[in-house]
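The structure appears right after this line, and notes come after that.
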Amino acid sequence: MSSVVILAERTDLTVKRSREVGSRVPDTFTPRGGRTPDKGFSPSLSDIDIERMTPWLLRPHDHRSGLVTLANALVVLSSTAKDGEIEVRISIGKRFVNQINPCRDRGLNPGPLAQKSDTLPPRSQGAFLVPYSIMLVVGGIPLFYMELALGQFNRKGAITCWGRLVPLFKGIGYAVALIAFYVDFYYNVIIAWALRYFFASFTNNLPWTTCDNSWNTPHCKELRIIAWDTEDAERDNSSVIIEPYTLDATATATSYHHDAANLSDTPFNSSKYTSAASEYFNRAILELNQSSGLHDLGAVKWDIALCLLAVYIICYFSLWKGISTSGKVVWFTALFPYAVLLILLVRGVTLPGSAEGIRYYLSPNFDAITKAEVWVDAATQVFFSLGPGFGVLLAYASYNKYHNNVYKDALVTSVINSCTSFIAGFVIFSVLGYMAHASGRHIKDVATEGPGLVFIVYPAAIATMPGSIFWALIFFMMLLTLGLDSSFGGSEAIITALSDEFPIIGHNREIFVACLFTLYFLVGLASCSQGGFYFFHLLDRYAAGYSMLFAVLFETIAVSWIYGTQRFCDDIHDMIGFSPGIYWRVCWKFLAPAFLMFIIVYGLLGYEPLTYDEYVYPLWANLLGWFIAGSSVAMIPGMAIFKMATTPGTFMQTSGAQLVACTP
């Protein structure tokens, strides 16, 4: 053990925003915000950030020499660290955030596609781009920029970052970490489904193309037979109502083989039929027909459970050694999907009927702009696309170099994100146009709600293409890489936040990550059961909806109204050499909070109890969902009360100190 003593003038540790000096000591050597150290203050060697201190030491602050500056900048340190054990935060390059975040885009990510595909039609038409662009400019990009800047400046995870920024609002860090924790309980189940489909694609005939399997019902019908019967009915001037993608969760599973000759003698009424792809997902993958609801989870499906275990093993060995390991893996998981997206785009636009789908995607419907729900959809799309509120942006940005141009990162990443979403629309709607052409339905009726777009409609479309096995393999490989990419981010947000707040976790990262993923897997087994989709749908609805919106609303209040917009801009100036303009200040202080309040209020006014298909969740299930949502939000006032209760002094003294402790 060693004791390090560096002679210094303690009084010079205080940050002085002197216009003559024009610079300040990096906050890693001072209490957050440059306050005069309290009596007995003694930072440890682990508080030193060599990268941020070195350029400051070499900068001529006034007429003093560098050695005098060094002596005046440092403080007497008493450390019990082992010799040479000085913690320096690893930097992973200034473009890492640009590599990781575009692939979290809602238009590509399997999570949002599987959970929120009902937002695509019919409002994702040309007119939707107008409110989307406005919401992106006034809310999405400013919030994205804000979190990146906070993470890069503080170089800590969410909990420690908010504890430094506004101690009274340290609960924001716990809230976003808890939100990410809840999401990880069910998110990787989507990746497990994709992995199960990927394995199922290694066959001569894709299993979701035929109706002669053990899980099929007499109502099952193959897509090509549906299309053939539709053409016959149209020639006979018959009235046809086609529902090939009805989610049939209650029909009895029986072995059934279609005989086209028998069908030809039967009057065609396709409203009673379900597609082979729909039955494969609902009856073979999920086995929803074996469960009557959330109260009846049934047996664990071990094929899905083993896929989930494989997903967590991949995640563990990608994250167990820290950001340097996942930073290498993410090069593949972030870039591979773009290659597949380009391939699917070229294939999609060459399909029959694709032009009609693209025309529907781009056709203007300006009457829809006057409807409030269109603006709410646009705001929600922007918000969940860029991803503030999970702690992921703070975590990854904290590993950026201190003088990385975070302003450019925010703009470039946001533009790439939005362009990717726009291009993904062509991929999606070209296939929807093809499916509408093949089934004789309108495009807006083809895309189903819930996971239907990813696991029913798209696989069904792929199955009808020449070389269907190849297309299925690369499609589900793309879903796997996208899902793993996002899973890395959510898990790293939790690991970084807790490691920075509790160093013992960081020192035993391998053990902690193993325990964390073991817990995830055990809870995830509930979603792998026969009725597990009901549990999955409950978590999806309540884990990261309103709670995340409330958390980010408190973030904007804490930064703009308590910490101070001017101080935040000064922090950014210290990193990149120039301050944000008036646009950013107005957005952070006024427009972004209004943007968030608009989504929250309108969403709460339109709240309806949870349902899935024809199943209505019981009251206790909705109460459980609200408890999950409320528990993360409750961390904010809960930590504030704890801070005031444990700080000496009267109520006014403690609350005031916690609010203004780090403001100028």
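Cβ from N, Cα, C; glycine included.
Just so you know, TrEMBL annotations never went through curation; they're auto-generated.
According to TrEMBL, the protein has these features:
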BINDING   Ser385, Asn417, Leu482, Asp485, Ser486  Na(+) binding site
DISULFID  Cys211-Cys220  disulfide bond
REGION    24-44  region 'Disordered'
TRANSMEM  126-145  transmembrane segment
TRANSMEM  172-195  transmembrane segment
TRANSMEM  304-323  transmembrane segment
TRANSMEM  329-353  transmembrane segment
TRANSMEM  374-399  transmembrane segment
TRANSMEM  411-434  transmembrane segment
TRANSMEM  511-536  transmembrane segment
TRANSMEM  542-565  transmembrane segment
TRANSMEM  586-607  transmembrane segment
TRANSMEM  619-642  transmembrane segment
Segment-segment contact (the transmembrane segment (329-353); the transmembrane segment (411-434)) at 3 or more Cβ pairs under 8 Å: yes
Conformational class of Cys220 (disulfide bond) under the three-state DSSP mapping: strand
Dominant neighbour of the transmembrane segment (126-145) in 172-195, 374-399, 542-565, 619-642, by Cβ pairs under 8 Å: 374-399
Same-chain residues at least 6 beyond the ends of the transmembrane segment (172-195) whose Cβ lies under 8 Å from its Cβ atoms: 110-111, 114-115, 157-163, 285, 304, 307-308, 310-312, 315, 389-392, 394, 451, 454-455, 476, 479-480, 483-484, 486-487, 490-491, 493-494, 497-498, 501, 520, 523-524, 527-528, 532, 535-536, 539-540, 543-544, 547-548, 550-551, 554-555, 558, 628, 631-633, 635-636, 639
Rounded inter-Cα distance in Å - Ser486 (Na(+) binding site), Cys220 (disulfide bond): 35
When distances run from the Cα of Cys211 (disulfide bond) to each of the binding-site residues Ser385, Asn417, Leu482, the nearest one: Leu482
Lowest local Cβ density among Cys211, Leu482, which the record lists as recorded positions, within 10 Å: Cys211
Inter-residue C-alpha distance, Asp485 (Na(+) binding site) and Cys220 (disulfide bond) (nearest angstrom): 36
Cα-Cα distance linking Cys220 (disulfide bond) and Leu482 (Na(+) binding site), given in Å to the nearest integer: 31
Inter-residue C-alpha distance, Cys220 (disulfide bond) and Ser385 (Na(+) binding site) (nearest angstrom): 36
Winner by Cβ pairs under 8 Å against the transmembrane segment (542-565), considering only 304-323, 374-399, 511-536, 619-642: 619-642
Selection from 304-323, 511-536, 586-607, the stretch that has most Cβ pairs under 8 A to the transmembrane segment (374-399): 586-607
